[in-house]
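Undergrad: Below is the structure I would like to discuss, written out as structure tokens.
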């Protein structure tokens, strides 16, 4: 690779030399001390930015003006550096610009820690960082671009005027953006073909003697290629050092949270506590629940049971939509008792875990409802499970059938399946939202099942608050059809089985974060 | 012309031992794959695979030196030898290596051009059959790919080998080539690909403005051969059925106008005229003539063979079990005269049957020798150049 190392000059403030350009390749890790507060804030902000990059990247063409404008707005609002006039002074003119560049630098490295662990995470991180880089690079003025190439010691030679003349016809014919004058005006770089694979592969560039003749306007592709290779290697290295980092108790929860984190409202503070009555749940499940929760609810109603993963995902969701602890206990107890569990067993074992969810037992952590990212990335469902994200975890054929049973139009189903094929699971869910609510644009970026619920309720109730209902005494549920909570008589074998399963479930609680 | 009729694989157990004892060029072979001993253990970490009698296939063979290689081959008498990648550890010890650390590091960049891939555009033969008429396709392929690899990509050490039955292989042995990543190999293969599409695709070549210099160069080669190969040899304009296929590639229905012309070669001229007329009255560019020529003649590569660093490919001087022919290097200086049916077989090389005079492997071994020597010379030159540069400081 022909990217040379940073030249060490005798400048007074090495830090300002590091931040001499608004864009960088993150080759040097930050060396300063930083507070935990800043650590977390920087990381969360960058994550918000990358999330926006992801969302915009799917809904817009990446080179469109609309995309650029929106991304630019997000970059500004989160206080990251963006296109600035390159100052001829060594010290950047504005102190806050320096701060922005420092934040850019540090936040990138923090997120490396959070996103190096699995192939999925790495792929996601690299993709968004590359898109972000491409946007920022393309946004630079030509002089700024040259400055960047210079600072990063790009040792690609530009070809001489004579050589350009002799190759004129070939250069013109190697890209349709060219005419005689554009070739004359631009610099052409001689880049080893291995560094310009994307251009070579598609014959978008003239190749001679092992060199690709890359016009200045295409140099971003080369830089991106290099960036991706570096980042990929860096993440692999980072993953190896991770155990050391994770053993630091201050950082471990933060990093763990980051890689699963939802950036936005976390629905741990329920605004609508006690505003949902248990009777409403069946109808709410078809109208306002996202498919993952609708599926769990139905499975619960059908088999009067859910396994641990499902109980966590659904139970926390219900907490998030406003169920109180008492309501939750009622709800689960009623359903489980219709199944194989008797009252005694329920009170001894399952009730504990529900109270646990509400922070009334054990570690007394008030668990937060799972975000989409967490549902999609962690704990994939196995045989007998109903949790997870249907768009991610269901076989496409089955998903199609399910959507048909939900009366989604076939056109809509195709759109959803396309998104699923492109691995845009949250967008697929968003599309489902739009189709089931008969609107064109959801108006929000879906990140959390509880967000789905509250947005849905907003639409359906015209923005009015959910009518407050008193906790009503337990009444037999019409849909379930049974009058009493009498469980079927237990056979000796099943009464032996249940406790063991419950014990296993409890065990897994203590493995929860 | 049928391939060697008398040959049968049953003779291999008897003849292979003789071949491996007397004729296989172990010395040059070892020199080749050691690449001057510049990289430690380069030969020792190379994977070979053998196909033995009764289709037994063994992978991860590796050898410490030429002597071991010779002894083992003479012991096993493989029906077929494949060459794989240079790994991080000795392939024959790969089971002792910690999982995940045994990796393919380097390998020559290779290309495999197979006549079967041209079945939709040749009328004389199909499938594994070849004849002197369609062999021209291989000549065209070699000229185009060889030029591109040398002039566009700057590679210098290319070994073209007859596969023994229906195609040719190219081994690009430059150091830079051996170090290429999977992505780079696939990029080169895609750069060289112009014919796209399988059974369902009728029109497999689409050109649009601007026409990349590489395509122009390749067209120049195709033009030289097109008349003789396609119009005369394959007679593509000679029958309605065959013409239909050609016309299917043309934007409009001009079949009737072509049928009116009785002489097949003149039909092609007529086609060109009609296309020119269309071009004159249209703003966009018509490359119909070029697209047809390319579809009928341009090389068809198997990208998958070229992509993988760990892909195994038949070794030069290996015998083709189905035809008995030896995979010999091809002399590009005499490419026009190369005839696959003159290539020695495992039988002819020992003068086994009387109606063919004994053919010699000598000239092919010499060619191989020259190739290896050229690489050695080049390496020495490069070494001197580098030490000279260092001396200047």
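Note that Cβ sites are derived from N, Cα and C of the backbone, with glycine treated the same way.
Caution: TrEMBL annotation is automatic and unverified by curators.
What TrEMBL records for this protein is below:
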- A:283-453: domain 'DNA primase large subunit C-terminal' (DOMAIN)
- A:292, A:372, A:389, A:429: [4Fe-4S] cluster binding site (BINDING)
- A:459-513: region 'Disordered' (REGION)
- A:464-474: compositional bias 'Basic and acidic residues' (COMPBIAS)
- A:502-513: compositional bias 'Acidic residues' (COMPBIAS)
Undergrad: Say we define neighbours as other CB atoms within 10 Å of the CB. Which of the binding-site residues A:292, A:372, A:389, A:429 has the fewest?
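TA: With the binding-site residues A:292, A:372, A:389, A:429, fewest surrounding Cβ atoms within 10 Å: A:372.
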Undergrad: Given the recorded [4Fe-4S] cluster site (A:292, A:372, A:389, A:429), which additional residues of the same chain have their Cβ within 8 Å of the Cβ centre, ordered by sequence?
TA: A:290, A:291, A:375, A:376, A:390, A:391, A:392, A:425, A:426, A:446, A:449
Undergrad: As a test of reading the model: what is the averaged pLDDT for the domain 'DNA primase large subunit C-terminal' (A:283-453)?
TA: 89
Undergrad: For residue A:372 ([4Fe-4S] cluster binding site), which of the three DSSP-derived states applies: helix, strand, or coil?
TA: helix
